[in-house]
């Protein structure tokens with residue numbers, strides 16, 4: 001941060017699951033970006049009283065408080081849209097964990113609202129701040145892609161064991177796994193959908209989504225999300241270029257403080273330090289990925 005902090009931005013964290021807890025930790029620790037931020041409290045549907053000496057406050061108080069300038073939305077994905085809208089209407093800046101919404105139309109509407117209110121709306125994408133992505137970005141520069149694939153596997157979560165609630169809370173797999181789509185778009189540019197299928201065995205808690213995409217140069221890219229009891233959380237990738245192939249990413253080090261790096265970017269936006277061209281390109285990429293996710297969902301779940 002290259003500006004001395006003046007008045008700090010008051011922050012409320014909405015949702016104190018994994019991401020919310022990390023956000024609270026980063027806000028309480030003395031980091032460069034945290035110097036511009038003042039954690040006022042957190043909002044949760046559960047009655048917790050306090051977490052790490054941070055006080056719980058009601059949603060109504062968070063929206064009306066003159067002390068609060070910024071909301072970090074870290075709740076389940078299905079609630080993001082409503083929270084973003086409420087905090088923007090209340091005149092607050094918003095940082096939201098991906099996906100910001102579960103539909104393209106909602107995202108477009110909220111971005112227009114943020115512009116109308118003169119507020120920052122920032123969607124977190126820590127996957128672009130990972131060491132693996134930095135490595136990949138360098139690897140693909142100047143190379144001509146012939147074809148590629150990205151497979152993400154994971155075991156079923158507690159929510160999945162509970163049945164369709166997982167999707168209800170976190171969205172269709174193309175939305176809950178949108179970070180993989182973001183990798184592909186960030187590496188190879190805008191993509192178009194060729195086909196998408198979903199295989200589900202609910203009694204076995206198994207799900208496999210297979211998506212076929214292509215680049216503007218008609219190079220095929222496949223993206224597979226697979227979840228089931230015997231599957232470990234893992235990522236496999238294979239990119240074939242005219243000049244050779246890349247099979248998986250070597251061990252490129254530990255991803256340190258990626259949520260903090262994201263917070264640094266957000267604070268730069270609050271301070272007006274990010275060029276308009278960069279903001280427009282980011283917004284275009286985010287909306288493109290949400291549009292693809294929505295199209296994939298429609299292919300896999302055609303409305304009857």
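Backbone N, Cα and C atoms are what each Cβ position is placed from, and that goes for glycine too.
Unlike curated records, TrEMBL annotations are generated automatically.
Record features, source TrEMBL:
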BINDING   16, 17, 18, 19, 44, 45, 46, 77, 78, 79, 80, 98  NADP(+) binding site
BINDING   288, 289, 300  Zn(2+) binding site
DOMAIN    9-125  domain 'Gfo/Idh/MocA-like oxidoreductase N-terminal'
DOMAIN    133-251  domain 'Biliverdin reductase catalytic'
Query raised in the report: What are the non-local neighbours of residue 78 (NADP(+) binding site), defined as same-chain residues 6+ apart in sequence with CB under 8 A from its CB?
Result: 102, 168, 169, 170, 171
Query raised in the report: Can you tell which of the binding-site residues 288, 289, 300 lies nearest to residue 46 (NADP(+) binding site) in space, using Cα positions?
Result: 289
Report task. Please determine which of the binding-site residues listed here (18, 46, 80, 288) has the lowest count of neighbouring CB atoms within 10 Å. Result -> 46
Query - Three-state composition of the domain 'Gfo/Idh/MocA-like oxidoreductase N-terminal' (9-125), taking helix and strand from DSSP - result: 48 helix, 29 strand, 40 coil
Query raised in the report: If you measure residue 18 (NADP(+) binding site) to residue 288 (Zn(2+) binding site) at Cα, how many Å is it?
Result: 27
Requested in this report: Using all protein chains in view, find how many other C-beta atoms are within 10 Å of the C-beta of residue 289 (Zn(2+) binding site).
Outcome: 29
Report summary line: Excluding its own, the Cβ atoms lying within 10 Å of the Cβ of residue 300 (Zn(2+) binding site) add up to 19
Query raised in the report: Using C-alpha atoms, which one of the binding-site residues 16, 44, 80 comes nearest to residue 288 (Zn(2+) binding site)?
Result: 80
Requested in this report: Give the distance between the Cα atoms of residue 80 (NADP(+) binding site) and residue 300 (Zn(2+) binding site), rounded to the nearest whole Å.
Outcome: 23
Query raised in the report: Looking only at 16, 44, which of these binding-site residues has the biggest number of Cβ atoms within 10 Å around its Cβ?
Result: 16
Report task. Could you measure the widest C-alpha to C-alpha distance across 16, 17, 18, 19, 44, 45, 46, 77, 78, 79, 80, 98, the residues recorded as binding NADP(+), and give it to a whole number of angstrom? Result -> 22
Query - Secondary structure composition of the domain 'Biliverdin reductase catalytic' (133-251) [DSSP: H/G/I, E/B, coil] - result: 36 helix, 49 strand, 34 coil
Report summary line: Integer Å value for the Cα distance linking residue 16 (NADP(+) binding site) with residue 300 (Zn(2+) binding site) is 32
**Report entry** residue 289 (Zn(2+) binding site) to residue 44 (NADP(+) binding site) - Cα separation in whole Å
**Finding:** 29
